[in-house]
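These notes concern the structure reproduced below.
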Amino acid sequence: MFDAFTKVVSQADTRGEMLSTAQIDALSQMVAESNKRLDAVNRITSNASTIVSNAARSLFAEQPQLIAPGGNAYTSRRMAACLRDMEIILRYVTYAVFAGDASVLEDRCLNGLRETYLALGTPGSSVAVGVGKMKEAALAIVNDPAGITPGDCSALASEIASYFDRACAAVS
């Protein structure tokens, strides 16, 4: 797992180069925006159970076959596993937001997830829909100006969206 700073230094070191002005400027911008990043992580984390439960509720309303007898989320044990997986994905998205880098999400959560779902017979497309619903909720929270450090959050929102998009792509 790398944070944005470690990743930039590691890449420059591998090439045997000094940090470029563009790299330093990008990291400086990240530092300047750090309070927004912390606010976003805090708000998503504080609302995690609501984000997950509302996303699951919406998913099951759209795809009732998942909770019907024989469905992948039928029985309380399978439903709990589904909610747990959604919560884990959301948790690793917040880690990536905090670090400013997707490697923790990729390495510790998404790597091999599609294969696991295929082996279990879990429809990856349904998981992707659920992740998309969590993305919508998380972005609504991040884009709500109340309680967020003042300023433009569009770049951070775009970054957060990209982490959810990676998760969707990894499972579908």
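Every residue, even glycine, has its Cβ placed from backbone N, Cα and C.
Here is what Swiss-Prot says about this protein:
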BINDING   Cys82  (2R,3E)-phycocyanobilin 1 binding site
BINDING   Cys153  (2R,3E)-phycocyanobilin 2 binding site
MOD_RES   Asn72  N4-methylasparagine
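Look at Asn72 (N4-methylasparagine): DSSP puts it in coil. Around Cys82 ((2R,3E)-phycocyanobilin 1 binding site), a 10 Å sphere centred on its CB holds 22 further CB atoms from the protein chains shown.
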